[in-house]
Amino acid sequence: KGTIHLFRKSQRSLVGKLTHEFRLVAADRRSWKILLFGAINLICIGFLLMWCSSTNSIALTAYTYLTIFDLFSLVTCLISYWVMMKKPSPVYSFGFERFEVLAVFASTVLAQLGALFILKESAERFLEQPEIHTGRLLVGTFVALFFNLFTMLSIRNKPFAYVSEAASTSWLQEHVADLSRSICGIIPGLSSIFLPRMNPFVLIDIAGALALCITYMLIEINNYFAVDTASAIAIALMTFGTMYPMSVYSGKVLLQTTPPHVIGQLDKLLREVSTLDGVLEVRNEHFWTLGFGTLAGSVHVRIRRDANEQMVLAHVTNRLYTLVSTLTVQIFKDDWIRPTLSSVPIANNILNLSDHHIIPMPSLKAADNLNPVTSTPAKPSSPPPEFSFNTPGKNVNPVILLNTQTRPYGLGFNHGSAPYSSVLNQGFGIPGMGATQGFRTGFTNVPSRYGTNTRGQPRP
């Protein structure tokens, strides 16, 4: 018998988690309409695929892929509702908005893959063109057109609506816009429909249906079956050209890039922040698009030591929050440190640092490498030195001298003249007078040889 764990949470499988989240979305009445359209879309796709097989038309197959894309858009709309229901968690601290960005990216990329598949099949059909049956070609065209337009106009798909407006225009939209300007110049009343630019999804549905109608007429009149392959290529190119700008835009959002249209505004706000009272530097700034229409960012602000952190944080947040909705600001004060005057340990009997000098002496090599007479390292093969200084050269410790005068700059030097008697009292003597300490070193028990030559005889 296994051990019974009373308080262990049961681990759900992936299917169980998806079922739980689907029930959460289905509990909202707004999603019922999307689920109904999704069920109708599946039925419509089934009929269209059967008609594509019976007519042997690859152009109708390419147009059916647009209906499959509508199913992807409905799933994206459900994900958008699910994102609005979910709250940020410790794992997803910024929320779940990037899921709908990922859904849009996946939908557009799958549509482009379908277009590439159509192009490959069309290239094979140019070598051997099969016969096209037009019995249900026109019926399938109008059924797909009606359902696509009805789905696009009946359901407000927030992610795709934002992407279609924010992404760059496709080549199909640009050509239609040029044609629309000419038409609106003749009939000004149509400017509200065609200008400034049409919905790309509605435009591709109408253009694809128009291509299928031309295909139907040419096959019925002249039995020109190659036009079906040409229409399939045209629909595939229009699909690819329409979905590519959207996939590029959503891909940049997934890569956490800064939107180009807000770079100028961000630079202006950062310049304003750098001029705030107490702010010394603004650095490590990073701004990216968290979701569709949501900008996130983080910035480090260095302030003066006497500045109020909460006041500066409030002003910085107030300036940047107009553009960046999710903002992280890190405030840190200027951490300059005064240079220390000494780096050696001080004796215990010294209580007041302001009354003493600390003169560090340079460290020398070990005693076994030094000549007992001079401070020059002794070498067995080198001749003896010609002259020597009166320096001990062994175990030199820092000398602590009493400071009786004011140091204006705190560098350890006495400024101004001192009485001659005070100099003698501090241990400094005149060379050759037999003082208690040598003039050059300040150490006792050193013979005064300042006035002798190398042989110990007085110089003239």
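Cβ atoms here come from the backbone N, Cα and C positions, even for glycine.
A TrEMBL annotation is a machine prediction, not a hand-curated record.
Taken straight from TrEMBL:
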type: TRANSMEM; residues: 32-51; note: transmembrane segment
type: DOMAIN; residues: 35-255; note: domain 'Cation efflux protein transmembrane'
type: TRANSMEM; residues: 63-84; note: transmembrane segment
type: TRANSMEM; residues: 96-117; note: transmembrane segment
type: TRANSMEM; residues: 137-155; note: transmembrane segment
type: TRANSMEM; residues: 201-219; note: transmembrane segment
type: TRANSMEM; residues: 225-244; note: transmembrane segment
type: REGION; residues: 371-392; note: region 'Disordered'
Q: Select the range from 32-51, 63-84, 201-219 that forms the most Cβ-Cβ pairs under 8 Å with the transmembrane segment (96-117).
A: 63-84
Q. Near the transmembrane segment (201-219), which same-chain residues lie under 8 Å Cβ to Cβ, leaving out any that are not at least 6 residues past its ends?
A. 57, 59-60, 62-63, 66, 73, 132, 134, 137-138, 141-142, 144-145, 148-149, 152-153, 160, 164, 172-173, 176, 225, 227-228, 231, 234-235, 238-239, 242
**Q.** Spatial neighbours of the transmembrane segment (32-51) far in sequence, C-beta under 8 Å, 6+ residues away
**A.** 26, 60-61, 64, 67-68, 70-71, 74-75, 77-78, 81, 136-137, 139-140, 143-144, 147, 151, 154-155
